[in-house]
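Inspection log for the structure reproduced underneath, given as structure tokens.
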Amino acid sequence: MGEPQGSMRILVTGGSGLVGKAIQKVVADGAGLPGEDWVFVSSKDADLTDTAQTRALFEKVQPTHVIHLAAMVGGLFRNIKYNLDFWRKNVHMNDNVLHSAFEVGARKVVSCLSTCIFPDKTTYPIDETMIHNGPPHNSNFGYSYAKRMIDVQNRAYFQQYGCTFTAVIPTNVFGPHDNFNIEDGHVLPGLIHKVHLAKSSGSALTVWGTGNPRRQFIYSLDLAQLFIWVLREYNEVEPIILSVGEEDEVSIKEAAEAVVEAMDFHGEVTFDTTKSDGQFKKTASNSKLRTYLPDFRFTPFKQAVKETCAWFTDNYEQARK
């Protein structure tokens with residue numbers, strides 16, 4: 001009681017992951033404002049698939065604002081195998097977080113979606129209006145539908161209670177504290193780990209697939225700044241895509257070259273074309289973001305890759321891999 005009118009207590013779920021750690025760093029480096037109290041929690045603090053534990057956490061923290069990053073995630077092959085688990089765990093977690101936020105009277109919730117939720121058959125570039133236009137890719141339908149339901153639930157909280165519960169849709173995020181597991185991580189951290197191993201063993205680097213698919217990569221520290229902007233300034237319930245522009249899309253081959261350059265690797269680079277390429281592209285439009293923030297400057301891709309490679313090398317023992 002007696003808190004000044006502008007004060008905010010922000011609870012960040014999934015606080016130990018890639019994006020959570022980036023928000024923590026950006027806040028510590030000066031993005032936090034006076035009157036803001038940031039609380040970062042991870043699965044060690046509460047099992048968010050458990051309603052009672054989630055409610056107890058929210059009762060204890062009493063957040064005015066929530067950034068919901070926690071999710072059960074995995075690479076392509078784990079998704080294919082465990083679609084039911086990805087659906088159930090994420091649906092339980094999301095419902096528990098959103099409803100606990102509602103029950104403690106949180107003024108705003110910003111959840112994190114993913115571009116994989118978009119319809120498999122679509123036109124490009126993808127934009128925020130297309131989320132529910134058709135089924136997602138069959139490989140990870142459990143995860144994708146669970147994430148889509150956050151948007152459905154946000155709209156229902158707004159319609160029934162006027163809540164400002166919204167969501168952001170980042171493209172391919174990378175940066176320090178990523179999961180650098182080669183089998184189960186995403187493409188860029190997997191490449192960084194592979195180059196590190198090839199360099200230390202003096203062997204060739206093998207990139208899976210043709211190297212032709214194209215992706216929009218966003219640096220986790222840029223995404224963290226945008227998350228904080230959304231939390232403070234973005235008041236729509238409709239989601240917003242957080243991404244570099246369409247012109248900044250890079251091929252997997254170009255991404256591999258950036259990692260090779262950043263890590264000063266001089267060995268042979270080969271492409272294993274027996275491995276699947278996945279979707280050729282998932283180009284997303286950031287024109288909605290640009291109408292709000294025309295001057296936001298993203299970290300240049302090569303610089304962000306360099307910083308991430310340096311972090312991985314310096315923290316090799318502790319890094320998730």
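Backbone N, Cα and C define each Cβ position, glycine as well.
In the three-state DSSP reading, Tyr143 (active site, proton donor/acceptor) counts as helix. In the shown protein chains, 26 other C-beta atoms lie within 10 A of the C-beta of Tyr143 (active site, proton donor/acceptor). Per Swiss-Prot, the feature active site, proton donor/acceptor maps to Tyr143.
The feature NADP(+) binding site is assigned by Swiss-Prot to Gly14, Gly15, Ser16, Gly17, Leu18, Val19, Gly20, Lys147, Pro170, Thr171, Asn172, Val173, His186, with experimental evidence given as support. Taking a C-beta cut-off of under 8 angstroms and a sequence separation of 6 or more, Lys147 (site 'Lowers pKa of active site Tyr') has the following same-chain neighbours: Ala71, Asn90, Leu113, Ser114, Cys116, Ile117.
The annotation substrate binding site is assigned in Swiss-Prot to Lys194, Trp208, Arg215, Asp277 on the grounds of a curator's inference. Within 10 Å of the C-beta of Asp277 (substrate binding site) there are 13 other C-beta atoms, taking all protein chains into account.
Cβ neighbour count for Ser114 (site 'Important for catalytic activity'): 20 (other Cβ atoms within 10 Å of its Cβ, all protein chains included). Under DSSP, Ser114 (site 'Important for catalytic activity') is assigned to coil, being neither helix nor strand in the three-state scheme. Here Swiss-Prot flags Ser114 (among others) as site 'Important for catalytic activity'.
Annotation comment: Swiss-Prot describes Cys116 (among others) as site 'Important for catalytic activity', evidence class similarity to another entry.
Taken from Swiss-Prot, the feature site 'Lowers pKa of active site Tyr' covers Lys147, and the record attributes it to similarity to another entry.
Long-range Cβ neighbours of Pro170 (NADP(+) binding site) (same chain, at least 6 residues apart, Cβ-Cβ under 8 Å): Val19, Cys112, Ser114, Thr115, Ile218, Leu223, Ile241, Leu242, Ser243. Here the binding-site residues are His186, Lys194, Arg215, and the one ringed by the most other CB atoms within 10 angstroms is Arg215. In this structure the alpha carbons, written CA, of Asp277 (substrate binding site) and Gly14 (NADP(+) binding site) are 29 Å apart. Summarising the environment of Gly20 (NADP(+) binding site), the number of other Cβ atoms within 10 Å of its Cβ, over all protein chains shown, is 24. Of the listed recorded positions, namely Leu18, Cys116, the sparsest CB environment within 10 A is found at Cys116.
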